[in-house]
Amino acid sequence: MACSSSLSSKWASWGASSRPHPSVQPFVTRKNVVRYHKPTSELSYSPLTTTLSSNLDSQFMQVYETLKSELIHDPSFEFDDDSRQWVERMIDYNVPGGKMVRGYSVVDSYQLLKGEELTEDEAFLACALGWCTEWLQAFILVLDDIMDGSHTRRGQPCWFRLPEVGVVAINDGVLLRNHVHRILKKYFQGKPYYVHLLDLFNETEFQTISGQMIDTICRLAGQKDLSKYTMTLNRRIVQYKGSYYSCYLPIACALLMFGENLEDHVQVKDILVELGMYYQIQNDYLDTFGDPDVFGKTGTDIEECKCSWLIAKALELANEEQKKILSENYGINDPSKVAKVKELYHALDLKGAYEDYETNLYETSMTSIKAHPNIAVQAVLKSCLEKMYKGHK
């Protein structure tokens, strides 16, 4: 994947290989993205326009189609029709979708930092970097679903649950992770911040996988011990498992692209890590109290004996009798026992406890953000906070 000297022509020259085939019918439609049910090996595309649209969604998805096309036609590997179709379908199934908060945050943040309209090259690079965060997210989720034995993700069966996929999903997840560095090498290798980007993605991946390990080993089969499920342990899990890649990574990408040294932005990192933990705690809350039809997945934290914010808070608030009920029912895949746990959550008013946490988090974060000396950085942090705040409403 050799790098071209100019990106401006890419919007036209890559159009012939970057748009979905007309026979590929959308099967999930969202406000921000159309996903495709099956790939095709027959190429018959219309060219992309050379003028950047004012619609971020459209621009972002155009870049996605370009990146995907280049990956499945990568000359470093001799794809045949079967392997190309498999990879295309796998990418379409797992990468776009969800809220795409991470990807959009890279572009939004870079725009706010620059303070003026982006050039075509800048817009393309920002979108490409945004998609790198989404590709990393896909890698993490594919493997996370396998480890958790999950059934649905974003309103459809988890990738590994498809009969023709199964354990091949493990290899697919690793492939998605490698795609990130293929994209970075192609478009950023000549940039002065390229090494810092590589280090950022590698460090973020290490932190996330380490957090996943903590989350997994604390609930090994036959070793349930709710006395260990403290708010301290939950904070450690959410910090490493999700905070860095969900919140810090996208903004750090934008800062690097803008020419900033991340070592000069320790305060920004601290704020973003705290917001990232809030994002993960919000996910814990929605796992039990969210509507599966709205959020696209069926919560299983109780059955899986996860050290979620809810169970840690419940154990903090519960009396001895209530702790006994939790011990007897938590972590068991039985609807009646799950119902008892949820009933106790309501009795302890965990909804109210979460709302108190959320309100305090917002106020504290906003105070820290307003204290930052750089107005542009303030705007980036405020944008990040507003995107997350009350995301369950």
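From the backbone N, Cα and C atoms, a Cβ is placed for every residue, glycine too.
Dimethylallyl diphosphate 2 binds R153, K241, Q280, D287 as Swiss-Prot records it, and from the list K185, K186, K306, K313 the residue named for this site is K306.
Swiss-Prot assigns the feature region 'Disordered' to one of the listed ranges (1-22, 45-66, 199-220, 353-374), namely 1-22. Nothing from the recorded positions D144, D148, Q280, N283, K306 places its Cα within 10 Å of the Cα belonging to R154 (dimethylallyl diphosphate 1 binding site). Within 10 Å of the C-beta of D148 (Mg(2+) 1 binding site) there are 17 other C-beta atoms, taking all protein chains into account. Checked against D148 (Mg(2+) 1 binding site) by C-alpha proximity, the binding-site residues K99, R102, Q280, D287, K306 yield K306 as the nearest. For the recorded site, K99 (dimethylallyl diphosphate 1 binding site), the DSSP three-state label reads coil.
Each residue contributes its Cα atom, and for Q137 (dimethylallyl diphosphate 1 binding site) and D287 (dimethylallyl diphosphate 2 binding site) those atoms are 18 Å apart.
Among the residues R153, K241, Q280, D287, K306 said to bind dimethylallyl diphosphate 2, no two Cα atoms are farther apart than 18 Å.
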